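Take a look at the structure set out below.
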Amino acid sequence: MTATEVAATMLDLAAIGIVFAHLPALDGFSLAEVAFLYGTSALAFALAEALVGPVDRLGWHIRDGRFDVVLIRPVSVLVQAATLSFAPQRIGRVVQPAVIVVVSCAALDVDWTAGRTLLVPAMVLCGTVIAGSAFVAAASVLFVAPDATVAVAALAQGSALAARYPMTIYGRRLGLLLTVAAPIGFVSWLPALYVLDRPDPFGLPFATRFASPLVALLAAAVATLAWRAGVRRYRSTGN
């Protein structure tokens, strides 16, 4: 993790601290609750970025011809694309959000039943799959539009930032869109409502709080199909 990344996270936390210095709650959520949402979603996205984040550089590898070499190797194309630009500091990015999760869990005023306790690692795991699938699906666009690298990276970063806060701060329409259609609400927001013992402000069925595993499977399936379609449509830079 670079000093810039540490500083960026600290600025995020400082901004949250400033809000709570003037308000008792953020849209009804306490500091510990917001920190829990922030930590779990940030951890899921950090893990996803560590695993498949480099796929957002696919456009560069297509333009410089390196991707042609990937296709002739007897190894999964996706695995190779995810490791072409691997940087060890990506692994270090999971440390800060992991610490935030632990500290926020200790500060939460909830009854830590077995169900709530087990749901925390489960939601991070499912969130990682959902976020990683989103990265791969977005990167699949680069097979036909390799110059869209910056746009794909911006989309991934924007999704990560939006998932860190209560969906209610975006208003009902946008909040529902982000929750269900994006579907970043299944990364942390919906399962967190069960952990925090809170009603759903959007009135979604209670079962949606436990739907992240299903959404993760669907997201992975869509990402796989998109990636395979992209590989089939790919044309070498020499063609």
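We number each residue from 1, going along the chain as drawn.
The backbone N, Cα and C atoms fix where each Cβ goes, glycine too.
The feature transmembrane segment is assigned by TrEMBL to 7-23, 35-55, 119-142, 148-167, 174-194, 206-227.
Most Cβ pairs under 8 A with the transmembrane segment (206-227) among the ranges 119-142, 148-167, 174-194 are made by 119-142. When Cβ-Cβ distances below 8 Å are used as the criterion, the transmembrane segment (174-194) is approached by residues 33, 36-37, 40-41, 44-45, 115-116, 119, 122-123, 126-127, 130-131, 134, 159, 162-164, 166-168, 200-202, 204, 208-212, 215-216, 219 of the same chain, each at least six residues removed from its ends.
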